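A.B. asks: According to TrEMBL, the protein has these features:
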ACT_SITE  C:Glu78  active site
ACT_SITE  C:Cys141  active site
There are 4 protein chains.
Amino acid sequence: MKILITAFDAFGGEELNPSAQCLKLLPDQLGQAQILKQELPTIFGQAVGLVTEKIRQVKPDRVLHLGQAGGRSALSLERVAINLADAKHPDNAGQVPVDQAIQVHGSAAYFSNLPIKAMLEAILQAGIPAEISNTAGTFVCNQVMYQSLYLVDQEFPQMQAGFIHLPYSLAQILDKPGQPALGISDMVRGLEAGLDLLVSRG
Amino acid sequence: MKILITAFDAFGGEELNPSAQCLKLLPDQLGQAQILKQELPTIFGQAVGLVTEKIRQVKPDRVLHLGQAGGRSALSLERVAINLADAKHPDNAGQVPVDQAIQVHGSAAYFSNLPIKAMLEAILQAGIPAEISNTAGTFVCNQVMYQSLYLVDQEFPQMQAGFIHLPYSLAQILDKPGQPALGISDMVRGLEAGLDLLVSRG
Amino acid sequence: MKILITAFDAFGGEELNPSAQCLKLLPDQLGQAQILKQELPTIFGQAVGLVTEKIRQVKPDRVLHLGQAGGRSALSLERVAINLADAKHPDNAGQVPVDQAIQVHGSAAYFSNLPIKAMLEAILQAGIPAEISNTAGTFVCNQVMYQSLYLVDQEFPQMQAGFIHLPYSLAQILDKPGQPALGISDMVRGLEAGLDLLVSRG
Amino acid sequence: MKILITAFDAFGGEELNPSAQCLKLLPDQLGQAQILKQELPTIFGQAVGLVTEKIRQVKPDRVLHLGQAGGRSALSLERVAINLADAKHPDNAGQVPVDQAIQVHGSAAYFSNLPIKAMLEAILQAGIPAEISNTAGTFVCNQVMYQSLYLVDQEFPQMQAGFIHLPYSLAQILDKPGQPALGISDMVRGLEAGLDLLVSRG
């Protein structure tokens, strides 16, 4: 089994992105599964371009995208990606798309076909806070999740894809009183529990 | 240097109290300082009785009380204890004191005489979220902090005493969506950084 | 112009539902538009049955569903409804559907075809907190919104439909410290501003 | 009975202060009680100077200070003022006092001698969210409350004084997603209920 995991670089004035930090700490092999890692720029268009290229080249069995969702307090397993790019703040290239479709002929939304509820249980069993989320937003994170599920629909019906949003890391909230966060090592532990579940399911 | 550290048992329907978990994991020796540990029942009167007894017996140079403040997202260095016991929920013996003075002849409040701002910096430097708090509440935590500072005022002028409130641990929020938490090992790391500061100051 | 507005009865242990309270206070006529009101039971299946029947009977030009989203602090104009019923808590008939499609042959999601961004501006202009929301949840609210947009897609292409989630009312948070709320009359004022926009657009 | 009510001008980048808005809308007479109003600058030293002057001149029976506590969701009846000025942000004159005593020979704290729990009940009975708060902070609000209670202690033993913190108004959160607020007219209604209680108690 080949699992492609992606993460984003820092954006929105942050110096770090917990998803990129977690990605580095995840193992390259998990049981019988090979882990392939790809960092993405937080840039509309570029990120999905890279993801598409990588998926076509690697043909992974599973794709797990990671990203930061500041303000959340738990690992958020995203349920659904919607066909919309609508930014409130510029991406890392200064783009601020408004109410744009991601794929003109795509479905209004795609549900993740990862076993998110089983993954949720596995992460909670590992003692790490986690939840199902019903929105991946309308920024680059959602675009990347949508694109992978569009590729499942159009080209790779055997592939499973999904997205986990991560809270701020502890380092990010040192100057943000009242914001929730999780330690990087705890987030990695939760992600490994979720990936273990994927691998054990085969 | 002798440092007395106390923590509370679980209360309010919780099965764990992060302060008691942290207490167990703190070292017994820190540089030149000896760490003395005491768990307290979350019971008005009993906890302060035990604290008073222990302080008179051990004559510690520093007293650091630990307790749980569910809903906070950072280690909270308490600035001040007030002369009031006023519970919304029963303590572990079923007591619900209302608007009672802790010491009839005590000051309306005592400020912690620990170097809380230097400790704050030390904890943040260690990468653990921390903040100064202006209220330790009116439950057993505040009563214990008040009592130790009353003893500083009345009997042990060389002693320094204070309180650090801890967020929920990760285990506690697995079924509390949206609540902030910190991992036990991260909290311990923060507490050690604060204690190191105390020891290095002599 | 005929505008059908619906609201829900109380659920989840609450004695009131702010949507039903607002519905009663909205006018029956707004400029050239006739307002038709329908309260719905917070029951999967029954609510959408009533909505479908009412829409086929009345053939409204616009449909605005209202519902309660406790914990939010602003009027939430929902962007999208997803083809999923997945309850954490029982509805008012004790049903707890898990991962069920709303319409087996429906789209994965439908975007509201109301001018939600223009309505947002109108509500903010009226001084009432409002926001675009990217999830209407997976409870009865989402089911009703999905069903109306499904009917737009299948039977009534000229109809516009959408959903506004309301915060708790002040009365609901008297015993819920820390929860945000809005006064009923403020919510009504915001809804009227949004409806005025709809009417003026024709 | 003479009741002096004070409020603050806008600070911290805000254009409005809900306390000043409420002050204008409160009546000048309430039953047998005469209401005297005084707006204060959000400036350490100046505000307490004005309050002291006004109290000595008017000799009010009751003093109720109002101020803004952005982020709170209910009217907060402050229980206690502490002898400390410690600002994180500059006041309206650019001052940022750090760990300064308000009155060198004052008590560490003074408890409000208003009947805050009876006022709390009266406000809740009026349907307005309210709570007892154990900290008025360490900014100008706390300084003013401390000063009035210091004057009770030193010069005017028959006077009762206290502080109510107000949430943001609706207008203030239009650009602050997720922040709680209350409408000005609702806050005024709550304040009147609290004042009615004071007047009825004589």
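Using the three backbone atoms N, Cα and C, a Cβ is placed for every residue, glycine included.
Context for these features, please: burial, neighbours, distances.
C.D. replies: Its Cβ taken as reference, C:Glu78 (active site) is surrounded by 25 other Cβ atoms within 10 Å in the chains shown.
Annotation note: C:Cys141 (active site) sits in a helical segment as assigned by DSSP.
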A.B. asks: May I ask which residues of the same chain, at least 6 positions away in sequence, place their Cβ under 8 angstroms from the Cβ of C:Cys141 (active site)?
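C.D. replies: Correct list: C:Phe8, C:His65, C:Gly67, C:Ala69, C:Phe163, C:His165.
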A.B. asks: Where does C:Glu78 (active site) sit by DSSP, helix, strand or coil?
C.D. replies: strand
